[in-house]
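Asker: Under the heading ATP binding site, Swiss-Prot lists Gly36, Pro37, Ser38, Gly39, Cys40, Gly41, Lys42, Ser43. Residues annotated as domain 'ABC transporter' in Swiss-Prot, with sequence analysis given as evidence: 4-244.
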Amino acid sequence: MSKFEVTHLNLFYGENHALKDISIDIPARQVTALIGPSGCGKSSLLRTLNRMNDLVEGVKITGTVTFDGDDIYANIDVKHLRMSVGMVFQKPNPFPMSIYENIAFGLKAQGVKDKAVLDAVVENSLRGAALWEEVKTRLHTPAFGLSGGQQQRLCIARAIAMEPEVILMDEPTSALDPIATHKIEELMDELRKKFTIVIVTHSMNQAKRISDKTAFFWMGELVEHGDTEQIFNNPKDHRTQGYVSGHFG
């Protein structure tokens with residue numbers, strides 16, 4: 001079952017044709033990795049899935065993107081879409097407030113005031129991000145006091161708190177050390193049981209370790225996509241072969 005269906009998508013930043021006739025289905029409750037060299041369009045596609053590209057001046061989009069069958073550019077309220085499709089960025093971006101308030105912020109913005117409800121969501125979200133045991137005694141201390149890896153897991157917990165169906169991740173471990181990266185990858189293995197995950201990564205090894213599906217982009221084109229094992233072990237296109245083998249890119 002597809003969570004997203006992208007059909008003949010073209011995206012322009014002014015005169016720059018960043019995505020060229022992209023068609024891809026993204027399956028539910030699996031991890032899909034988007035790979036390719038810098039500037040190939042993978043982050044542009046990621047940000048199209050929750051309409052973050054709307055915020056870029058001069059952007060133009062043609063084609064269709066459906067989320068659970070609904071055209072996200074025609075039939076879905078953007079606010080609702082972004083609640084359903086959470087995002088974790090390259091660098092951890094905790095809010096300048098306590099660990100607790102980072103998680104509760106979105107719920108409070110929606111009008112939730114019941115402390116018991118907030119407490120439960122904060123704990124469950126931190127547990128879901130494998131962070132609870134590390135922070136449960138300091139929930140009301142500043143989030144900036146956490147390590148980089150902990151901050152990134154906090155950002156994942158913040159996304160989980162809104163009960164999304166999808167989590168988009170734009171190189172979520174590129175600023176982290178190997179130990180923190182390993183924890184995030186272990187976490188993603190658990191998250192896939194509940195959420196659809198789409199991740200942009202420059203690490204071929206990471207894509208092989210964590211993803212069910214892989215899509216390879218090159219100069220704005222989707223060259224090839226399919227099962228991760230097939231993409232890495234038996235690619236059909238010579239450009240894919242060259243990239244995953246490290247010959248270029």
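For all residues, glycine too, the Cβ spot is worked out from N, Cα and C.
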Asker: If you count the other Cβ atoms within 10 Å of each Cβ, which of the binding-site residues Ser38, Ser43 comes out on top?
Answerer: Ser43
Asker: Pick out which of the binding-site residues Gly36, Pro37, Cys40, Lys42 has the most other Cβ atoms within 10 Å of its own Cβ.
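Answerer: Within the set of binding-site residues, the most crowded position is Lys42.
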Asker: Determine the Cβ neighbour count for Gly39 (ATP binding site): the number of other Cβ atoms within 10 Å of its Cβ.
Answerer: 13
Asker: How many neighbouring Cβ atoms, not counting its own, are there within 10 Å of the Cβ of Gly41 (ATP binding site)?
Answerer: 23
Asker: So, three-state DSSP: helix, strand or coil for Lys42 (ATP binding site)?
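Answerer: Its secondary structure by DSSP: helix.
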Asker: Determine which residues of this chain, when Gly36, Pro37, Ser38, Gly39, Cys40, Gly41, Lys42, Ser43 are set aside, have a Cβ within 8 Å of the centroid of the ATP site's Cβ atoms, and list them as they appear in the sequence.
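Answerer: Neighbours found: Ser44, Phe217.
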